Structure formats: C-alpha cells, structure tokens
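Participant: So TrEMBL lists these for the protein:
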| type | residues | note |
| --- | --- | --- |
| REPEAT | 458-491 | repeat 'TPR' |
| REPEAT | 500-533 | repeat 'TPR' |
| REPEAT | 542-575 | repeat 'TPR' |
| REPEAT | 584-617 | repeat 'TPR' |
| REPEAT | 626-659 | repeat 'TPR' |
| REPEAT | 668-701 | repeat 'TPR' |
| REPEAT | 710-743 | repeat 'TPR' |
| REPEAT | 752-785 | repeat 'TPR' |
| REPEAT | 794-827 | repeat 'TPR' |
| REPEAT | 836-869 | repeat 'TPR' |
| REPEAT | 878-911 | repeat 'TPR' |
| REPEAT | 962-995 | repeat 'TPR' |
Amino acid sequence: MNTYPVSSLILKRIICNESEARKRRKLSSTATDEKVKTVWLISDGDNCEEINKTATTFFQGMINSIEIFTGLNKCVDFLTDLDDTTVFLIVSREIDQQDAVLLESLSQVKSIYVLHCDKTKNKQSIPLCKKVRGIYTNMKSICETLKEDIRHSNRNLIPMNVISQTSAINLDELDPAFMYSQLLKEIILDMPHDDNEKKILVNFSTKKYADSHAQMAIITEFDQQYDKPSPVWWYTRECFLYWMLNLALRTHDTETILKMGFFLRDLHCQIERLYLQNKPCNPLTLFRGQGMLPTQFEKLNKSKGGLLSFNNLLSTSTDRQVGYLYADSARQNPDLVGVIFVIDIDPSVSTTPFASVHEHSFYGNEEEEVLITMHSVFRIDELERIEERLWQIKLRLTSDNDPLLTRLTECMRDEIGGDTPLYRMSHLMMLMGHYDKSEEILQVIKSTISKKDEYLDALLNYQMGNVLLAKGELNNALSCFEKTLEFEQKMFLPDDPALVYTYRSFGSVHDSMGDYKQALIYYEQVLEIQKKLLLSDPLELTGTYRHIGVLYEKMGEYSKALQYHEKNLEIDQKYLPAIHPNIASTYINIGSVHNCMGEYLKALSAYEKALDIQQKSLLANHPDVANTYNNIGAIHNKTGAYSTALTSFEKALEIQQKILPSMHHVLGITYSNIGFAYQSMGECPKALSYYQKTLTIEEQCLPSEHPSIASTCLNIGSIYLLMGEYSNALKYFEKAVKIQEKSLSVDHPDLAVSYNNIGLTYDKMAKYSAALIYYEKTLSIKLKSLPTNHPSMAIIYNNIGLLHDSLGNYSQALSYYEKTLQIQEKSLPLNNNDLATTYSNMGSANNSLGDYQQALTYYEKSLEIQENLDPINQQTLSNIYCNMGLVYQSMEEYQIALYYYEKTLEIEQKYLSHEHPSLAITYNNIASVHNLMVEHSQALSYYNKALVIQQKSLPSIHPDLAVTYNNIGMVHQSMGKYQTALSYLEQALKIEEECLPPNHPSLNITHYNIAEAFEYLHQYEKAVEHAQLAFDIAKQAFEPDHPEVIENEEFLRRVQQKQKATLN
C-alpha cells in the first residue's frame, strides 16, 4: 500500500484625505452655495498673498470661495475630484492650446475667464475654446461678468420634482421631501414671534461669514435695520440671506431652516399679504427662464399632464423677454438645455400666494419680478421646441396634489400633535431622523418650563426617552422613561391608558438591551390594558402587536411572531394611507420573520414592498431607508448574490455615515453585514476588519451580555476558522456561547449556530468526539424550532456528514449529504455556492467509497455552479479542483491529477497566508502524485513543505500531521530506506492512535505501511502483527467485497507465509 492524498473536504459554516499636498489658498470656507465653486489658476511666479488680497478686494461677498492654484496638474486633479459641482475658472497664466482643450474637456468647468494684463502680448495668441467667456484686462470686468454668471447658475440650481407619466398610478406622486418641508414650514409659520430669533440668526450668520468683510457689513446692517426695508427687499438683495435660505431649502438643512425660521415666516407673510391686497381677478401669465440638465429635461419632456413641484421660492417675471434672456444664457453652457417656463395662473382655482415685488425689491422694477411662495405645484401642459437646446414649457399653477401624499400629510400632522409649535417641531425632527436636532429642541423647551409643571415635564421626559432610544443611548432613555412613569403612577390608576405608551417604551429599551423576558412583561402589560379598555381606535393596538412580534422573532418563536405582524398589517392597511411609513415597518418585520424561517423569496418581496413605501414617504437619507437596504442586502447574501448584497449594504452605510455618530450600534450592524458579504466572497481579511469594527462599537454601546455581541463574536470566530486559526476561532465561539446561555432560552436557534461552529472547530482540530457532541446539540435545537426543510437544517446535516467522513464512515456521510441536498434543491437557486458545496462533499464520499465516476459527476456539477457565480468563491473553487485531483489520482490519471492540484495551489497562494493548513494539504497531494510517478526527490520536497506548515499551524496530534509523516515514510520506503521510513510511519501511528477511533481507515493504511516496512527488513513477526491489525480494521471499515479488504487479506496471507518459511 502506498502514500495517500489528503481529501480537502469543504466545511460549511454559519455565521477625506487628499491625494497630494496642493499649493493653493482658500479664501473662504463659507460657501454661498456648495454646488458652485470659483477656481483661480495663476502663474508659478505669482505671489499667493498678493493674489489673495486682489481676490478679497473684488470678490468678497459675491461668490462662495476661491481656490487658488499655481500648477495646472494640481488644479486639474482638484477639479476632477469634484462631483456634481459647477466651476467658474479664472486663468491668469500662459496656457497653450493643449492645456485649453484639457480644461474645456472637464465637465465640472462651466466657464473660463482669461485675465490678460500684459499689453505687450497679442490677445490673439491666447488659445480660445467654447467655454472661454472672454479675455479681460482687469479684475473689475471679470467681476461684473462672473457675478451675473453665478446668479444665473444659482437660478438653474433651484430643485424641482418632476413626475414621469409612465403610469397613471404614479402620475400624481410627489417627493416625500415636499411633504416634510411643507410640515416644517407650517410649524415655523405657527411659531409665535420671539425677539431673540433675529439675534440667533445674526450670530449663526456671523460664524458662517466671519471671513467675508462684505457679508459681515451686510449682517451688521441687517441686525440694525431689518425692519426698515422689508423681508422681500432683503431676500431679493441676493446676499447671505438669499444664499443660506435657498441652499437650506434645497438640501433640507433643517438646522439652517430653523435658525432662519423668523425670516422665512416674515417673508411668506409679506408675500401672502401682498397677494391678498392685490389678488388679480383675471388669469395672468408669468415667465421664468433657466437651464436644466439634459437628464432632468428628458424626464420632464416625458411627463406631460403630470405634476411639477418646487420647495424653494420661485422667482418669475411678467416680461417674457426676461425669461428668454435667462434661458438663452443657460444654453450657452453646452451641458444645459435652456427652458422658458410659461406659467398660467387662474386665481379662482389656485390658492398658492404670489406677489409682484417690484416696489419692494432690492433691484426695483428691473425685472418686473413676481415671487411665488414655497411649495408651489404645477401641471405640465405642453412642451414646445423653440430653437436648438431651447424649449418653452407651459405650466399651470394648481392646488392639486398627490392624493396619497395629501392623506399621509394629514396623518403626519395628527401624529406630530403637541400643544406648542416647538414641541411639534421636535416630533417632526424625530420623524425625519434628525435625532440630535429633536433632542436640542426638547432641551430648549425644558429650559423654559416651570419646575412645578410636572405634567409637561413628564411629557418631555417621555419624548426625550424616545429620541435617546433612537440614538442608541439606552441607559439615558431608560432614565427618562422612569421619570415619566414615576409621575404617571402618582396620577393614574394601574390600568389607565395613559400608562400604555410608557410601558411600551420600557419594553423597547429592554428589547434593545437584549433583555427579552423583561421586555415581554412590559408589552403584555400594555396589551392587557388595551384589551380591557376595548379601545375605539384599533391603530392603538398596532404598536403593541409590532413590538411583541419583533420580540417573539428574537426569541426564536417565528410562528407567533408572524401571527402578530399579520394582525398588525391587517389593521394598518385598513386605517392608514397606503404609503404610511408604519406599513413599511410592518412589511420589514414580516420579511424578517420569513428570513429567519429560510423563506428568502417571501422575505425579499416584503422588504421590497417596504422600500417602495419608504421611498414615497421618507426622506432619502432617513435611517429606516438604510435599515431596509441592509435587510435586502442580507437576503441577497443568503441566496449567493454577493455583489448585489454588497451594493445594498454600501447604500445603507452611505446614509448612516451621514446621519449617525461614528459609534452608533446601528452602524455596527451594517459593518457586520458588509463583513459577511466579503466573507461569503472568500475575502477573509476584509471581512475580519469589518467584524472588528462592529465589535468595537458594540462593546462601547451595548451591555456586556447583549446577544448582538455574541453574534459578532460568532462572525469573528468564523473568519478565524476559515483562516485556520482554530484556537482564536474557539475563543470567540465560546465567548458567544457564554453570552447566549445567559440571555437566551436553552432552545434558541442562535445557540444552535454557536454550538454548530464549536463543533466545526473541534472537527478541524480532529477532536471528533467533542465535535459530535456539539453537532448533536445543534440538531436537537433545530428540530424543535425549525421546519424540517429549513435551509439551516441542511447546514447541520452537512456538518454531521463531514464528521462521519472524517471518521471514515463514508456511507453514513453520504446519507447526511443526501439529506442536505434534498433541502437545498427546494430552497436555493440552481447556481448557489452552498449547493456546489454539497455536490463536492458527495463527490468526496463517493471517491472514498471507490465510486470514482460518480464522484467526478458530482464534482463537475459543483464546478459548473462555481464557474457561473459572480463573483466566484475562490476558496470553494480551489477545493473542487483539489477534490477532482483526488479522483483522477485514484484512477491513476496522474498528469490530470497534477493539473488540478496545481490549479488549487495557484489559488491558495494568492488568497491564503503562507502558513495556512490548506496549503499543506495541497503540497501533500502534489507530492503524492510525484511519488506515484517515481519522482521521489520532488515528492520529498513537497512533503517537507507541508510538514513545516503543519508543525506551525496544527496541534501536535492532528491527523493531518500523521498523514504527512506517513507519506514521507512511504517515499523513503520506495527509495529503499526502510529504517528511515519506519521512524516516520511510527510517528504517524502514534498520532493516529491518540486522535482517531480504533477502526478508522487511516489506521488501516498506517498499519499496512508499517507491516510492509518490517517485511522489507525481514522482521516478519512484527510485519504479521501490523498486517493483522490492518486487516481487522479494514473488515470493520469496509464492505466484505471492498478492494481494501481483499488487498489487506492477501497481504496478511503473504507475510504469514514468509514468517512460516523463516521459522522452518
């Protein structure tokens, strides 16, 4: 009997810097508009300080900021890094035609202004291109042109929401941001006058424009003389007020909007007053010219009959020529389409305030300006092409609105409630996901109320608790709710409905802390009160149903969870608008339960319904939208669509990084999801870095025994398991179990995951008895808590099969793999990595049973799946190549076997550490083929490489070490060095007798090989002893007619005959 390869069985587990220093000066960090920048490219010899003074003199108060560069390359680098930004470029250095073409090719550059002060040079020598607005001999003339261009550009930036006419259902839908800004405006308009408001705005503006002497002078004037002109006069002056307000309304910057609240209120009231004083009796037509991006225009072009909305104030004119000039100017930019909006207004239909402001405008009657107040909605009647890239679009001012959004707005008004505008503002900020701002407003309210007003104090503590809960500050939230409950228990009976909300909030905090039993006690108290009172409003029950359903899911009781969520959905759909965020939340919860039950298509459907509602009812950067992207990504990850999953997770992370503190526990969830996607793609180091980020956040934000910490420890342990660092893997798995056994029920599915992973680790460490104990614990829990065809049942069957494979029980292993396959074929798509794993494992078992053709059939099925995955899981692919090599080796097709082993090695050297145990397996396999081809020196070289790795990475009694010792011994035996061979074989036997069961096939091989060595040394008594042991093991391990049994029997007979001959 010769050397034997090591089967590579596949184990299934669960689980803003600048690129360079730039020589530039920035005049001001306060932008009039973040979408517009001015850049100045100067000569290498120019003095930056002098340029700085020149720029300050001419531009202060007019533009946002000036970036000054001395080198063309650095300037181009800066420009290409800008996204969605319009750049006005001043050039006061010599550039050739090639440089000019380069600058013109940059999409960010709208216009170029050439400053040509050297009168000795001919202007015609300066290269021209389409974007050059002119060649100027002094800064004053550039300043005048640039001021007008920036004004036009800001006009083009006014955002609009265009509704495509692709379906009658969607024709009247508006952006949910429109609703939130409408509610925000309503609350601001309802706020009482406060003498301190102007001072707050002045201080806020002073900080923003501290570097601008011109704006500081205007701010001082505003502070001292605000009442003398009028709000319209200040707005049309296009100074800091105009810039700040339009930018804030466009970007939904609630902090700035709140700071400017009194000015916004005064401006709206003046327009409304002028509208009522001069309301026209007859229809009239207004004009507005501007530029639009081609993509935006194309959408509008397809939307005849639909709605068009503006959040900002809209500047129009009664003079068509004014509109034409703005539109014609816009199309001079090759990246824009010029449009003239022709706006028809019928005063008898529309109630949106608008007013002619020529008598109140800073510019007087220069443009015959008419201002339409915020939140105007128009019908798109007609589009007509006038000239190349110049269009006329007819609109009608209307009070029509999206019916669903109108109903939702009414619901939100009711939900926000509250006795004061400031309290309603706090609630709105929370609904919008602006938790810090909500907390800040509540603190302001608390500072103004009397300490004797216990009712209001309790109400504020309750709302503050909800905000802190959303922020993840669980202990602070609990403290606030305790203060509220203390007051309520003094004022109300134990079953008073006033206690419902507080008890429910207590439940939420304990739920977030992982204390599920205590949370359930509070939720059941709430439900008991509500059922006793037989509430007339069924919606009051939905919050309780939602919380209990989520809790049962976390406790692993999925049927109960689904029952509560479906009750919730039935009520929501009956009493709420179809796009209410609460319905989205219910779909999320239903999807989560289906996910836990392994019903991934149902889960994905529920999550996508939720996202559709959220995109119509929430702001784009709302935390709930991020959570839904996370959920969708998790499903794609489970179905093997790893790239799609990663895209969803990154969308979630992009939102969360904008709105959450860096140590928020929700960020930890997203990091964990990204880690799992990389883990599934075989990129272990990247996965480990994301899991460690998660653990850092959770250990700082959550109680030490929170189940989420256990989950993260499981994930980190899984990575170490894949990387072959078994002691580290076991450390993290045991840490997870220690937490879970304290916080979860004994039959909780999450415990099964941990037991499974510990079993895997012991399996890899060749501690098979311990592994089997943990696998059986896993199977016991899963059979109690999951359907028999749940996908995770396939995982444990697979792992038990692998264990029997390791123990040499190949028929039993194959039986468990077949159970695995039956489940996977029902629950997974045809091209799935897990399915490929099972085919590969079945191939391995058939190979061990000597059915080589069947083994190859399964490996080829596995390979076909792997090669069609995107991305390909390199680790699994290398294992398949290895296993196919094993089969061809068994079939004595050595060159083909070597080909597959070398493909395995190529992948492993690229993706694994140089001491990973899998590399040792591959070196062993390559060596075994060289030995069979009688290439002994090459065989020994590869075996020694394997031995060095194994001695560093494996326990001293690991069976893989025994394999290598056995194989090295057999090479020496082939070379006639029998005593050296015997020393290696005895080392192998010593390990196997400690770590393997007495009837393991590996012991059969080693005893056979030792017997053969003694035979060559003519020590027949010892040869017979070991041959007999080999034959006894073979009879226990294989069927009577198995080739191994027959070969062992013949060998035993031969050495016995030699022994007799010697004795005679």
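Glycine too: its Cβ is placed from the backbone N, Cα and C atoms.
Not measured: the values here are computed from a predicted model.
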Participant: Near the repeat 'TPR' (626-659), which residues from the same chain, at least 6 beyond its ends, have a CB less than 8 A from one of its CBs?
Facilitator: 433-434, 584, 588, 591-592, 595, 600, 603-604, 607-608, 610-611, 614, 620, 666-667, 669-671, 673-674, 676-678, 680-681, 791, 828-829, 831-834, 869-871
Participant: Determine how many residues of the repeat 'TPR' (626-659) DSSP places in helix, in strand and in coil.
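Facilitator: Final tally across the stretch: 31 helix, 0 strand, 3 coil.
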Participant: Counting by DSSP, what is the helix, strand and coil composition of the repeat 'TPR' (500-533)?
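Facilitator: Per-class counts: 31 helix, 0 strand, 3 coil.
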Participant: Residue counts in helix (H, G, I), strand (E, B) and coil for the repeat 'TPR' (836-869), per DSSP?
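Facilitator: With helix first, then strand, then coil, the repeat 'TPR' (836-869) has 29 helix, 0 strand, 5 coil.
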Participant: Determine how many residues of the repeat 'TPR' (542-575) DSSP places in helix, in strand and in coil.
Facilitator: 31 helix, 0 strand, 3 coil
